[in-house]
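One structure, pasted below without further comment.
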Amino acid sequence: MTKTLLIFDVDGTLTPARQQFLADIRKCVSVAIVGGSDLSKITEQLAGSENELLSQFDYVFSENGLVGFKGKERYPSKAIQDYIGEERLQALINFTLKYFSEITLPVKRGNFVEFRKGMLNLSPIGRSCSQTERDQFVVYDKEHKIREKFVSALKENFAGYGLCFVIGGQISVDVYPVGWDKTYCLQYVEKDFSSIHFFGDKTMPQHNFDVKSILGPARDDALLTHNVN
């Protein structure tokens with residue numbers, strides 16, 4: 001049985017060339033992918049159909065691992081509304097929409113709050129922006145720290161909710177219960193492998209894959225992270 005698992009972050013890590021590499025390396029080790037987007041979005045990025053996607057990897061984890069598959073067998077899933085309750089969920093959404101309405105950006109589009117299984121994805125510019133507008137926001141955000149300031153406001157106003165507020169991707173902020181970041185997927189695989197390697201472009205604690213925090217000292221030497229640019 002293969003004892004080594006490679007986990008690749010879909011977001012900002014997997015290029016077409018790397019996908020071909022993974023197809024070859026699966027002959028020697030097991031390969032998993034994890035992403036913050038839902039399964040349909042990851043399928044759109046990497047494959048022609050959901051069935052094709054699940055066939056390409058040994059494990060597929062979408063929405064930070066809240067929706068997961070081993071082969072084509074699906075793991076049980078949880079939902080963020082069941083964790084924090086409807087009243088708190090609406091308070092968070094209402095605060096976000098009010099906050100976004102009071103800031104001015106070069107452009108704003110639609111889909112500011114995207115509700116996912118295990119998280120909320122909050123985008124000041126709106127996820128309906130074009131690629132050009134997205135690129136422009138990246139530059140603007142780097143200079144004006146729009147998302148960084150928003151994260152600070154969320155932490156101040158919702159400190160008792162048991163939630164994490166982190167910068168995610170290029171245009172948004174991810175909100176999810178403590179422990180529901182991309183480390184969530186490790187609970188399904190950590191006992192089956194003697195070594196796990198994670199490849200991602202954001203592997204620091206302030207982002208959404210602080211891998212060293214979940215396995216603890218006893219398994220710390222079994223988990224290696226590799227920052228990919």
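The backbone N, Cα and C atoms fix where each Cβ goes, and this holds for glycine too.
What you are looking at is a predicted structure, and each value in this text was computed from that prediction instead of being measured.
Straight from TrEMBL, here's the annotation block:
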BINDING   ASP9, ASP11, ASP201  Mg(2+) binding site
ACT_SITE  ASP9  active site, nucleophile
ACT_SITE  ASP11  active site, proton donor/acceptor
BINDING   ARG18, ARG116, ARG127, ARG134, SER172, ASP174  alpha-D-mannose 1-phosphate binding site
Quick one: give me the count of other CB atoms within 10 A of the CB of ASP174 (alpha-D-mannose 1-phosphate binding site).
25
Highest CB neighbour count within 10 A among the binding-site residues ARG116, ARG127, ARG134?
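Highest number of other Cβ atoms within 10 Å: ARG116.
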Counting across all protein chains shown, how many other Cβ atoms sit within 10 Å of the Cβ of ASP11 (Mg(2+) binding site)?
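Looking across every protein chain shown, the total is 22.
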Whole-number Å only: compute the distance from the Cα of ASP174 (alpha-D-mannose 1-phosphate binding site) to the Cα of ASP11 (Mg(2+) binding site).
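Cα to Cα, ASP174 (alpha-D-mannose 1-phosphate binding site) and ASP11 (Mg(2+) binding site) are separated by 13 Å.
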Determine, using Cα-Cα distances only, which of these binding-site residues is closest to ASP11 (Mg(2+) binding site): ARG116, ARG127, SER172.
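Closest by Cα: SER172.
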From the Cα of SER172 (alpha-D-mannose 1-phosphate binding site) across to the Cα of ASP9 (Mg(2+) binding site), what is the distance in angstrom?
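ASP9 (Mg(2+) binding site) and SER172 (alpha-D-mannose 1-phosphate binding site) have their Cα atoms 17 Å apart.
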With every protein chain in view, what's the tally of Cβ atoms within 10 Å of the Cβ of ASP9 (Mg(2+) binding site), excluding that atom itself?
22
